[in-house]
Amino acid sequence: MERAMEQLNRLTRSLRRARTVELPEDNETAVYTLMPMVMADQHRSVLELLSNSKFDVNYAFGRVKRSLLHIAANCGSVECLVLLLKRGADPNYQDISGCTPLHLAARNGQKKCMSKLLEYNADVNICNNEGLTAIHWLAVNGRTELLHDLVQHVTNVDVEDAMGQTALHVACQNGHKTTVLCLLDSGADINRPNVSGATPLYFACSHGQRDTAQILLLRGAKYLPDKNGVTPLDLCVQGGYGETCDILIQHHPRLFQTLIQMTQNEDLRENTLRQVLEHLSQQSEVQYLKILTGLAEVATTNGHKLLSISSSYEAQMKSLLRIVRIFCHVFRIGPSSPNNGNDMGYNGNKTPRNQVFKPLELLWHSLDEWLVLIATELTKNKRDSSNIACILLKQNQLDQQDISLAHQSAIGESGSYDHLSSSTRAEDFESCSAAGKQEPVADGQDVISMTANRLSAVIQAFYMCCSCQMPQGMTSPRFIEFVCKHDDVLKCFVTRNPKIIFDHFHFLLECPELMSRFMHIIKAQPFKERCEWFYEHLLAGQPDSDMVHRPVNENDILLVHRDSIFRSSCEVVFKSNCEKLKQGIAVRFHGEEGMGQGVVREWFDILSSEIINPDYALFTQSADGTTFQPNSNSSVNPDHLNYFRFAGEILGLALYHRQLVNIYFTRSFYKHILGIPVNYQDVASIDPEYAKNLQWILDNDISDLGLELTFSVETDVFGAMEEVPLKPGGASILVTQENKAEYVQLVTELRMTRAIQPQINGFLQGFHMFIPPSLIQLFDEYELELLLSGMPEIDVNDWMKNTEYTSGYERDDQVIQWFWEVVQELTQEERVLLLQFVTGSSRVPHGGFAYIMGGSGLQNFTIAAVAYTPNLLPTSSTCINMLKLPEYPSKEILKDRLLVALHCGSYGYTMA
C-alpha cells in the first residue's frame, strides 16, 4: 500500500512539473535528461533529480567528452554550476580538447561562473591541447574586467600556447587596448617572441591594430623582425595599414626611407603601397612633399639603372614604372589637384608642390641625351658604324655618374642639374674611340636593339610624370615637344620592334596629335595584337570578373519583351547607368526564367537584326544586298535620332563585351565610325553606276567635253527638285579639269555624309559612351567589321568552283595552282582579309560564292594575270571583284607578296 502511494505521488509530481521526477539509473540516459535543465539553469529541478540518484556528476558524455559542469560554465548557468560543484564536480576536468570549465567560462565571458570555479580551486594555469589557458581566452575576446580578477591567480602571465604565443600576443593582434594595458601592468613581457620570432608589436602590425601598436611603442617595445626577416613595417605595407605605418614612423623616423625603398619590391602589392602612402601624404603638407621627393629620387636611381645595359631590363623596367605610377597617384591626391585648375604642372615647376619633380630632371636629361646621341651617330655613321659602339660605352659611364649624383641628391645635397650640358658630353665623346676599340664593335642597329626597350620604358615614365601635372584630357606641351624633337629616333625604335608601341607608347592613345605620327606603323601591326591593346586599354580600371554576369542587384537586370524587343530594350538601356553596363550585362526576357551569357548573346543577335528592320526606317539596304547604310529619310520616324543613338549604344556595348552582332554596314558607314573621310569609291555601295561615272570623270580629260557641270547638284527633297550647292556659290563655279577632283570629293561627301550627318551624329553619341574614338581608330573599316560581326567561315572549294580567270590565266596554270595551295594554307583570318581585299566585303552571300555581287550585279571572283616584276604586290579592283595577280616565279614568292598585301594594305578601285 505504501509503495503504491509513493508511485502515485511520483506520478502526480511528474504530471504537475511536466517532466520526470526520477533519473534513470543509466548515466548516459540520465545525463541527457539533466543537460537541458542545466542549460536553462533549472537548479531546483536538477537538485530534486540528483537528490535521490546515484548519478556521477563527473560523467563525461558526447563527442567531446564534457561533463555537466562544462555545460553550466559554457552557458553561464551559475546556480547549476554551484550545485554541481557542491556535489563533487571536478572544476579541473578536461574535455577531449583539453578545455576545463574555467576555459569555457573565460571564452564566453561568464564572470560569475569564473568566480565560483576559482572558489572551488579551479587551476588557472591548465593549458588545453593547443596550449591555451584561461587568460588566453580572455585576451582573445578582450574581457579586461575578468582578466583583472584572474591575473592575481596566475603564476605566469606569459604562459605560451603551442605556437609560443602569450595572452599579450593575441590581445595585441585583436586590438584590445585595455586588455593589453592590463597584461603589461601585470608584468607581461612586451618583447617576448613566439616560436617564429614574432613579438606582440609584430602581431599588432599584422592586423593593422594602430592603438595597440601605439601602446606597445609608448611602453618601449622594440622594433624586431621575425626569424624570416619580416618586419612590422613589412606587415603594415602588405596589409595596406596606413595608420599603423604612421605610428611606426613617428616612433622610428628611419623607417620612412625604408618605406620609400619598398616601392621597388615587386613582391609587395602596388595597391596596398598606394593605400599606405596615400594615408601618410594626407597627414601634412610637409610629409606629402617629403614622400613625393623620396619617390622621385628612387625613380631617378632606378631609371638610370634601367639605362645601363648591364642591368636586368625586365626587372628594372617594372620597378621604374611601378614607382612612377605610385608617384603620380600620390601627386594627384595632393592638396591642389591639377584637375581643379590650381597649381598646374606646366607653369614651370615654380610651386613647392611641383618642386618634387626636380630630382627626375636628371633622368629626363639622360633620356634626352641618349636620343640625341643615337640620332646624331646613326646619321653620321651610316657607313662606318665603329664609332656607334662608343655611344654605348660612354653613355653607360655617364649614366653611372648620374646615379651617383642622384644618390647625393637623395641624402640632401642641393644644386642644379644644368651643368650636365649636351656640349660637355659631346666633348667626352671625342675621346672615346680608344675605349670603343676595347669593346666588341656594334653597329647602329645593334645599339638600337640593346637600348630601344630601355629608353622607351623611360619615355613612358616621362609621359606619366608629365600627364599627372595636367588637367584631365590635356596632353603636356612639354611631352608633345619632346616627341616632335625625337620623332625620327622613336619611329626607328618602333619600326625595329613594333611591340614597343603596345608595351610603352600608351601616350599615343591619349594624344591624337601624337597618334597621327605613328598611325601608319600601328596599322601595320598584326590585327590580333592591336585587338589585345584595344581591350587592354578599354577595360583598364574595370574589376577583373566575368564580363557578362548576373548582377547582385535585381534592378540592374535588363528586363525586355520578346514581342517588342527593340522598343523595350531601348527603354531599359536608356534608363541604365553606363558604368554599370560596362561592368556587366544581365538580360531576362519577360515571362522567362533563363539568364546568363546564352541569353545575352541571343539578345544581341535578335536586337541587331531589329535595328535594320525596315519598320523603323533607320537603315536601308545597299546595292550589294548584304550591307546597310543609314537612311537619309529616317526622319519619317519622329524618334529616329534617339533610335540611332540607341543603335550606337548597342553596337558599342557589344564591342565592349566582345559580343558579336548580326548586322553588316557599308564600308562608308564603318569609316564614319572610325572618323576616316569617305571617298568616291564608297559611293558604289549605294549607287554603283554613279560611282562608275565619278571614276570616269577622274580617269578622263573633261576639258573639251562640254559637260557644263557646276559645283551643285539637283536633289529630290520630299518630291520637289532642289539645287544644292556643294560649296558656297557652287552653282556659278564650273567643274574643270583642274578642280574635278575637288568636285568628286564634295559630291561624295554630300551623298555619303551630309545627307545623313544627323543620323551619324546620333549613332556616334551612343557608340562613344562605351568606345572612345582614340581607341577605335586603331583599326580600319575592314577590321572594324570583323570586330563587330566576327569572322565568317569560308568554303575554299566553293570559292575555287566559282572563280573566273582572265588576261592570260587559265584554271590549270602553275601560278593559279600555287595560289589555291596558298589559300588552303592561310588562316581563317587571312582568308577573310583576302576576300575583303578583292571584294571589299568579309562575307559570302547566302548561297555561296556564286552570288557575290559586283558593281553592276552578280560578278564572280576573278583572277587576272599581271606581268611580274620584282617585289610587285597583288592589287585588286573591288568594284568588279578582281584580283590582279602577278605571274610569280615560285609559290614562296607568291605567298610572301600576297601576305604583305593583305596585312599592309594594297587596296585599289579601278574600272574593268
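From the backbone N, Cα and C atoms, a Cβ is placed for every residue, glycine too.
Annotated features in Swiss-Prot:
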type	residues	note
ACT_SITE	C879	active site, glycyl thioester intermediate
DOMAIN	577-912	domain 'HECT'
REPEAT	23-55	repeat 'ANK 1'
REPEAT	64-93	repeat 'ANK 2'
REPEAT	97-126	repeat 'ANK 3'
REPEAT	130-159	repeat 'ANK 4'
REPEAT	163-192	repeat 'ANK 5'
REPEAT	196-226	repeat 'ANK 6'
REPEAT	228-253	repeat 'ANK 7'
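Residues in the repeat 'ANK 5' (163-192) partition by DSSP class (helix H, G, I; strand E, B; coil) as 16 helix, 0 strand, 14 coil. Regional average pLDDT for the repeat 'ANK 3' (97-126) in the model is 93. Helix, strand and coil counts from DSSP across the repeat 'ANK 7' (228-253) read 18 helix, 0 strand, 8 coil. Across the repeat 'ANK 4' (130-159), DSSP classifies residues as 16 helix, 0 strand, 14 coil. Counted with DSSP, the repeat 'ANK 3' (97-126) comes out as 16 helix, 0 strand, 14 coil.
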